[in-house]
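Some features that TrEMBL has for this protein:
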type	residues	note
DOMAIN	97-334	domain 'AB hydrolase-1'
ACT_SITE	176	active site, charge relay system
ACT_SITE	297	active site, charge relay system
ACT_SITE	328	active site, charge relay system
C-alpha cells in the first residue's frame, strides 16, 4: 500500500493529476485543509457505522421522509418495471441546480433522508433521489431487480428529471452502491453525461473482488438483510431461476453478488459483471468527479483502491480524497454528529457551479 494512503495525521489526503485547475479546486475547499475530527463518542469505525445505521433506522421509524420530501412520483420503465423519484425543493425556481442522488444497496427515501436534507441545507438547491426497483416498498412489477443499480433505468429517470426542469444544471452524488451506479453511468456516457460535477462516496471499486474483503460480520449481516428485503418477498418472481435456491441460502455479500445475475436479467455471472462493474469503464469518465474513501472503512476497504491509483493520477477530472477515519458512509464530526462528508459535497458543488 502506498505510504500516502496511510496518513499519519488527520487532515484529508488528496490524490490527483496535477493541473492548475485541480490545484485551484483543492485550494478553494476549506475542509480539505482542516483536520477531520470524528465525533468523540464514536470512537472507532464500528461505532461510527452502527450509529449511522441506528440514525437511519430512527428516521424510518419516525417516518422522517413523510415531512421531508415535497413531491414524489412513480415511473414505469420500458419493460414495465417500477422506479420512483423523491424530490426536496421541487417548487424552487426552474433554473435552480438539481443534485441527483443514487442510494445505497438497501436505500430508501427514509434511509437517505439525512443526506438529502444535508445537501439541501448546504447548497439551497433542489435534490432528487432516484429510487431503484424494489426499494422503498416499491412493488416489483417484473422479475428483474439489480441491487447495484441499472444504468438503463437511470437514463430513463434522468430523462424525466431533465423534462421536468430543462433549465436546471445537474449534479450527482452516489453513496456506497450508488457510487458504483454513478461511475458506471459516467463511464458509459463519457462526454455525453449531463452532470456538471459528481461525487462518489465510499465506493468499493472493482465489485468483482471488493465484496470478497468486506468485514465478515458486516458481510453476513448485510447479506441476511438483502435476502429478507429483496429475495424472500419476491420468490414467486424467481421460482423459475436456476439460482433461486442459492439466492435464498446465501450467507455473505460476495456469494450474493455472484448469484444475482438472473434476477438482474442476465444469463450468467460473467455477462452480469461485464455490464455492471463500474471499473470496466472508469477511465472513460469525462465529468469532474470527487471521490471520498475512509482508511478505516470495514465494508468498502481502502485496499480496493490500490489497483486504481495510477489511473486516477492520470485523469485530470478526478480528485480522490481519503481520510484516516470515517468508516463506511459515516463521516460524522462534533458532539452533535453532523455530516462532514455532506459539507464537503456541498462545498465542492458550489465551487464547481461558480466556475461554470
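Even glycines carry a Cβ here, placed using N, Cα and C.
Here the features listed in TrEMBL are placed on the structure.
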residue : record                           : DSSP class
176     : active site, charge relay system : coil
297     : active site, charge relay system : coil
328     : active site, charge relay system : coil
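Cβ packing within 10 Å was compared across the active-site residues 176, 328, and the lowest neighbour count falls to 176. Rounded to the nearest whole angstrom, the C-alpha distance between residue 176 (active site, charge relay system) and residue 328 (active site, charge relay system) is 8. Residue 328 (active site, charge relay system) and residue 297 (active site, charge relay system) have their C-alpha atoms 5 Å apart, to the nearest angstrom.
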